[in-house]
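Asks: Just lifted these from Swiss-Prot, have a look:
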DOMAIN    256-302  domain 'LysM 1'
DOMAIN    321-369  domain 'LysM 2'
DOMAIN    382-450  domain 'Chitin-binding type-1'
DISULFID  Cys385-Cys413  disulfide bond
DISULFID  Cys407-Cys419  disulfide bond
DISULFID  Cys412-Cys426  disulfide bond
DISULFID  Cys444-Cys448  disulfide bond
DOMAIN    461-831  domain 'GH18'
ACT_SITE  Glu582  active site, proton donor
BINDING   Tyr583, Trp808  chitin binding site
Amino acid sequence: MYHNFDQLASCQESLFYSFSFLDPVDDAHTGHHIYACTSFGPDWGNLPANTTNLLLQSSDAPEPVNGTYQIGYWPAATGSSVLSSLVTLTNQLRQYLVRGLGSIDRPTILFARYGSTSVGLYIGQALDNRGIGENVLSSLSDSIASANASLAASVAMQFCEPGQTSHHVFGLIATGNGTFDSVQAALSSWSKAKCLTFPVVQNITGTLSLVKPLFNASYYATTVHPTRPPVSHATSTSSNATSVRGRALAPRTTCSTVQVVSGNCYDSLASECGITLAKFLQYNKVTDDDCSTLVIGEHFCCSAGQLPDFSPKPQSDGTCTTYTIKANDNCETIAASYSLTVDELENYNNDTWAWEGCNPLYVNNIICLSEGNAPMPASLANAECGPQVPGTLTPARGTNISTLNECPLNACCDVWGQCGTTSDFCINTGTGAPGTAKNGTNGCISNCGTAIVQSDKPATYRKVGFYEGFNLQRPCLYQDVSQIDLSAYTHIYFAFGALSSSYEVQIPNGTATGTTYEFDLFKQIVGTTRILSIGGWAFSTDPSTYMIFRDGVTSANRLTMATNIADFIKDHDLDGVNIDWEYPGASDIPGIPAASTDDGTNYLAFLAVLKNLLPDKEITIAAPASYWYLKGFPIKDMAELVDYVIYMTYDLHGQWDSHNQWSQEGCPTGACLRSDVNITETEGALSMITKAGVPSNQVVVGVTSYGRSFAMAEAGCYGPDCTYLGSADDSQATPGKCTQSAGYIANAEILAILANSSRVNENYIDIDSNTNILVYDDTQWVGWMSEGIKNSRKSVYQGLSMGGWTDWATDLQKFNDAPFTSTSWTKFTSDVILDVDPYVEGNRTGNWTSLTCSDAAVQDALYMPCSQRWSELDASNAWSDAINVWTTIDEPKLGNTEPGFTLSIMNTFHAGESMNCGSIAPNGACSTTETCAWFEGFGDSGESGPAAMLIYNSFTVINELTDKLVDQAYSQLWYAINGIAATYIDNQLSDFEDTFAPVPPAKSDEWLDILIDLLGLGLTAVAAPFFDGVFGALPALEALGEAGAQVAQDVTYSAIAYGVSIATSTLPSAAPGDWTAESQDSFSATMGSVLYGWSNATANQLYTLFNGSETSITLLTTLISDGKLIEGSGGAPSVGYQVSDSTSSDVEAFIGKAFFGYSIPTLWTISGSAAFVIDSGYPCSAQNPLTDYMTASTQESTYACYNDNLYYLVYPDGTEDGCSDQHEEKCVKKYFTAPPGLDTLSSTTWGGITLSELIEGSVNTYIANGNANGGPVADPMDALTLKDLSNQNITTPGYIRLPVCTAQVAWASWTNPAQSNSSASGYPCNPLQGVTKCSGYTYEDETTSASPSVSDCKTLMKNIAGTSGEWTTGIDGQRAIAKYGTCKFGVQNVGVTGDVTYNTGSQDIVNIVTEAISKYEWEGHVGAKGYMKCSGDAGSQKVEWGLY
C-alpha cells in the first residue's frame, strides 16, 4: 500500500490500483490508501485461472444478448492521446477478466495507469467478466480509432441502459492527463447506475454476456410512474439518517428479503423477488412509491413477515463483527446493509485501526459492525513494522498493537507500516483512533522521536586517522607513514588488510606497490594506537572476494577466520583490528548477489570469537550511516562486544544517487547537488545509531579529507535543488589529477584548485549543510570539509558525548615532498618496491659493486630461489643507484627519451652503449641474455658486479616478452597478415556485416569514437590474460604458489594499466607505432583496423617503458624487483620472440573474444537493428511467458537465465503495425524476433561469443548504472574492469551495452513511431517522446508568493512528458491547456484574426516549464510568461504562453 502517487512516480511499467471512489488520490498533499502492483505486460495472463469464478459466472447463465455500447470522448479535455497506452492496458485487463480474476459477488472494479493514461473499469456482478474481456475489450481499440477518438485525451465506453441496476452496467474510461479524479467520478456514477453523457458519441452493437437476465422495465411501465427516479445514491438528512426499516425487536416470523442496489426502483425489486409490484408494496407497507428515498443496501421483504434484524453481534472471543471496505462503499450503504445507523457505525469504530471517520472510507480497511474489541487490521504486503506486517498473530487482549513488529534499530514506524529515521517517520500526529495521522503526514506509531541519545562522556575522546597504505599506487599525492602528524591522532588505522580464500590475512598488492613497506613502517609507530583495518568497500563487494566475509562468519569458518586474524595481530604486535565489512545482509549491491539475512547474526557470533581471542586488543567495526544498510547489523549487541564503532557519516550522497527517487528528500530524480556530509543528515544518523542502543561514547564519527564532486547540469545553478549530469555509473565530474576518480577529489587537489583563482567561480560555506562548497571551471561542483569545518564538527560531536572522530584519510590532506633522503618520489617509490631502504644516503648503496662472478648466487643459480639470488647479489641497491644516476645526472643532460634512459643505465653498469631495450627484438641488441663474465669484463675493476647481469637480463626478458605479444598481435597482423588475424579475424570480417547487419550502416563520425573505445578495452582483454599467463609461469613466482599467482596478477594489472594509458596517449614522432585511428569505408573495416592499433600500442608500450619517465621507472621496478625475471632453482624464464602453436591458439581466442564481444552488439546498434534485452520479470522456471510479444520458438532461441531471472535478446523487426512497407490489405501481427546473426553464434565462430554473455554483459551494464540504460563504456583503467578482462570476462559492466527493458516498454516504443525516435540512444527501451509544435521560446519572470508551486509544475510535466499530447487552439482567447494542482499552462494567440487555429505539443510545455523553473524558481514557487512560434492552419503563428 502507498499513500500517494509520488511514491510510484519512477515506475515505467503498467500499474494496477485499488482505492476508494471517495479517496481524492490526485491530491499529493494528503495521505491516501492506494494498493498497487506492477505488471511487465503478460503478468495477468500467466497467473493460474480462477476456474471456480469462471464456473460460477457461467453456470445457469442466460444466453448472451445483443447490447448497445456507447463510445464517447471529450474533444476539449486536456492531456495526451490515450490510444497507445490504452491498447497496452486493455490487453492486460482482458487477461485479468478472461482468467476469472475479477469479482463475482460484487462489482469488478479496477484502476490502472500506463504512462500518462489513467484507466478505470467497472463491471456489474450481473455481467459475465470473461464475456466482457473476450467480446468487448478485444475490439475497444479499433472501435475508438473508428470513432475518430484516436487523438482524444479522454475516452469512455459503456453499456448503461435506463431501467437497469448497477449490476448490469459496464464502463471503461481512460484519461490522458495522468490523474484519476474524473475516472473516480465516472466509476462512481456507474456504480449508482447513472450513465455518462458524452459530447461526441457513437453507438455500436455487440454481444453482451450475462450472469443474470436484464430487467425488462417495459413490463412494469404501466404500473410504476415512468418519471419516478430510481435510487442512485444513499439519501441522508442527518448523521443518523439511515433508516432501519422494520428491525425485528423480538422473535417472530420473518420474511425473505431483497437488497437495494443502485438503479433499483420498486418494480425492479419486485422483479428480483419474483412477485408482483402490488404484493411487494403490500409486504413492505409502502404507501409512497417515490424511489428516491431508497437507500443502497437497504433490505425489503419479498414475502409476508417481519423484516429480519441484520445487525451483527460480537464474536465469541469478544471481538466485534468485522467488515472489509470495498472501493464503492460508504457509511450509509454499509449501515443500511447491516440494519445499523451511521452513528452506531461511527461509535463502534472509535478504537478501530486507521479509522478516520466516514469521509472517506479506505479500501481494504477492516472495520467493526458491532460492539466488541477492535479487530486486527488487514495485513499489508509491503508493511515492515506495526500490526499490519503479514503473518502477525492477534496478541493478548490489552496489548498495544502499535508496538508489534518494531523496526530494526528501534527506528520509527509510521502509520503505513514503513520504517525510517527522519521526521517524516518519527512524529506522532494521530487524530484519535490508533494508526491514524494528520493529513499530509506519515505519523508515527512506535519508537517515535529523533533525539540523539547521549551517554556519559568517553574516558578518552578518540582522534582516529585512516592511512591509505596503497597511496603509493597513485600517480601523485603520496604520503609515507613517517609523514603522518601523529600529534593530531590517538589512533592510526592502516587501510586495508585483506583475507585470502582460506582466511589468511594479507597486505594486498604489497611488494609491487609499496604497501608492505608502509605497513612495516606503520608497525614501528610509537605513542599512537595502531589498528589494522581489514576489508573495505572494494574487498567487500568485488565479485572475486565478496564471499570471503559472507562465508567466513558462518559457523563452519568463523573460528578459522577469527584465529587467523588474531594470530596476525599478535604476530605483528599491533594494538587491535577493525573489521570493515560493507555490508552484511545487503541485498542491492551492484554486481554481486543479494546477501543472506543471516549475515548479521553470523557476524555477531564471529565478533564474539574474535574478542575472546584478542581480549587485550582493541576490536572495532565500521558501520554505515544509512538505515538501509545498518539494519543488517545487530548493532546494539555488537556494541557490547567491540570497543567502539567507526561510524561512516560520509558518502551520504554521490553520483550513485542518480535516478534513485528515494535517495534525496525533495529531489525525485536523485540528481540534485547535495553534500555527502550534510550536518542535518549526520545528526539524524547519530540519532539512529544511539536509539538503536549504541552508547554515544562508543560512536566515533566520520569526517573527510576529500570531497564528492559533480558536473553541474547548468552553469550558475549550484544550489541544493540544482542538478548534476550523468547516470549512476557515469560521473561527468573532472577527476583529480592524482586520485583520478570522477566524483571523488582529495582535499589536497581542492586546495590546489583554490590556489588558482582563475578557476574558482564560487567558494563558500553552506550554512544549512555545514559544508564547504566549491564551484570551479564553471560547471564543476564539490562539497567538502575544510580544516575549519572539520574542527567545528569535532567540537559538536564532543559536545554530544560521542566517542571521538575519524578522518578519511591522512594522505589526502596535502601534497607532501618526498622524504628528505630521496631526490624524488620516483626514487622513493622505486626503492620501496625494490625493498631498498629509501632513507639510506650515499652515491653507492649496499655491496653490489664489490661482488664478483665467483659468488655462490652466480655459480649456484640453478639451485637457489630467484628472490634469494636477487637479494644476495644486492640487485635492488644496484637498480636504485642506477636510477639515482639517471634522475640526478643523466636525465637533465640527455632529456626524457628512450635511447637516453637505456644509455644511462648501460653506462652505469659498464655494459656498452649499443643497447636499446626500447626497440622490438631482435632490433636494439637487447634480446640476448649475457653471462656474468661479460659484465665483469667491462671496466678496470669489474665494479658493475653480477647485479648488472640480473638487471640487464631482466630487460631482455621484458623486451622479448613484449615482442612475444607483438609477434602475436603485431607481427602476425602487420607482416603479411598470414598468421592468426589473417586466418581468424580478417577472413571473418568479410562476412561480419552481412551476418549481423544485412543492411550496412551508413558511415558516421561515431565509428571513430567506437574504434577508440575498443582500442583501450580490447588491448586490455587481449594482453591481460596473456601477460597473466606469462608472469604466472615465471620460475620466481611459480615457486610461491598462491602468493606467486597473486603477485603475477598484481604485476599484470600494473603492466596493462600502463599499456592502456600509452594506447590512448599522444606519443613523440620517434615512437615505432605510427598507427592513427581513422574511419574506413565500412564499419567492419574500421573495427578491423583496431588490430593494427593493438599491435602498434604494444610496440609503443615497449618504447615508452624505457623512456625514463616516473611512471615507466615505477613499472620497470615492479617488473624486475625481487628477481621475478631471472633464472633460479625453478628454472629460467622461457621467453623468446618466436611464437609457439599453443600461444598462438591462446591469443587467437583472446583476440576473437575481445573483438567480437564488443563489435557484434555495437554493429546491431549502429546499423539500426536496435537489438535489446528483455527483462521478462519471471524466474528461470517460467515457460515461454511472453507469448504476447514473441513466438514460442523465438523465446526458446533467444533466452538466457541470469541470477534466476529470465532474459531475452531480440529486436523489433520491421514496421510497428505488422505490415510491410507496401501495407497489404491484411496484416499479420509482428513480434520481436532474434536479431540478425544471433543464430550463427557458436563455440567455433565469432570468438566463441555466447548468447548468455551478450545478455549478462548488457544486464551488468544496466545494473551498474543504477538500473538505467545509457551507462558509460567500460574504463580499462578501472580495477574491477581490469580484473574482469584479465579473466576474459567480457560481461564486465560497460563492455556490452545493449539496452535493457521490459517487453511492454519496448513494445510501446515500437508501436508508437510518432512518439519514439528509432535512431535515439537506447531504442526501443527509451521513453516515449512528446510532441513539439513550437519554437523560439522567450521567457519573462512573473514569480511571486502567489505563483504555482514548483512541485505541482513538476508533476504537470511528469504527466505529459513522453506523450503524444497536442492541443489545437483557436484565436478567441487565452486557454489553459495543461494543469495540475496550483500549476496551469496557458496559451493565447497574438495579433492574428480570422478563422485560425494553432497547435501546442506536450514537449513544448515540458521544455518551457523546465527552463522557467531553472531560471525563476523562488521559495518553492515559479511563474513566467513569454512568446513562441507555433504551427497552425495558417502557417507559423506568434503565441503568448503563461505559467500561472
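Note: Cβ is positioned from N, Cα and C throughout, glycine not excepted.
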Asks: Please name which of the recorded positions listed here, Glu582, Tyr583, Trp808, is nearest in space to Cys413 (disulfide bond), Cα against Cα.
Replies: Tyr583
Asks: Please give me the recorded positions out of Cys385, Cys419, Cys444, Cys448, Glu582 that lie within 10 Å of Cys412 (disulfide bond), comparing Cα atoms only.
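Replies: Passing the 10 Å Cα cut: Cys385, Cys419, Cys444, Cys448.
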Asks: Restricting to the same chain and to sequence separations of six or more, state which residues have a Cβ under 8 Å from that of Cys448 (disulfide bond).
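Replies: Set apart from Cys448 (disulfide bond) by at least 6 residues yet with Cβ under 8 Å, we have Cys412, Cys426, Ile427, Asn428.
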Asks: Which residues, sitting 6 or more apart from Cys419 (disulfide bond) on the same chain, put a CB under 8 Å from its CB?
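Replies: In sequence order, Glu384, Cys385, Cys407, Pro408, Ala411, Cys412, Cys413, Phe425, Tyr627, Lys631 meet the Cβ cut-off.
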Asks: In the structure shown, with every protein chain counted, which of the disulfide-bonded residues Cys412, Cys426 has the densest set of Cβ atoms within 10 angstroms of its Cβ?
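Replies: Result for the most crowded candidate: Cys412.
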Asks: These are the disulfide-bonded residues: Cys385, Cys407, Cys413, Cys444. Which one scores highest on other Cβ atoms within 10 Å?
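Replies: Counting Cβ neighbours within 10 Å, the top one is Cys413.
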Asks: Go through Tyr583, Trp808, the listed binding-site residues, and name the one with the sparsest Cβ surroundings, counting other Cβ atoms within 10 Å.
Replies: Trp808
Asks: Mean pLDDT for the domain 'Chitin-binding type-1' (382-450), as a whole number?
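Replies: For the domain 'Chitin-binding type-1' (382-450), the model's average pLDDT rounds to 95.
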Asks: What is the separation, in Å, between the Cα atoms of Cys444 (disulfide bond) and Glu582 (active site, proton donor)?
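Replies: The separation of the Cα atoms works out to 30 Å.
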Asks: Kindly assign Tyr583 (chitin binding site) to one of the three DSSP-derived states: helix, strand or coil.
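Replies: Note: Tyr583 (chitin binding site) is coil by DSSP, not helix or strand.
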Asks: Using C-alpha atoms only, work out the spacing between Trp808 (chitin binding site) and Glu582 (active site, proton donor) and round it to an integer in Å.
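Replies: Trp808 (chitin binding site) to Glu582 (active site, proton donor), Cα-Cα distance: 16 Å.
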Asks: According to DSSP, which kind of secondary structure is Cys444 (disulfide bond) found in, if we only use helix, strand and coil?
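Replies: For Cys444 (disulfide bond) - judged by DSSP and reduced to three states - the answer is coil.
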Asks: Could you tell me how many residues in the domain 'Chitin-binding type-1' (382-450) are helical, how many are strand and how many are coil under DSSP?
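Replies: Secondary-structure composition of the domain 'Chitin-binding type-1' (382-450): 10 helix, 5 strand, 54 coil.
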Asks: Looking only at the domain 'LysM 2' (321-369), how are its residues distributed among DSSP helix, strand and coil?
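Replies: Taking the domain 'LysM 2' (321-369) as a whole: 14 helix, 6 strand, 29 coil.
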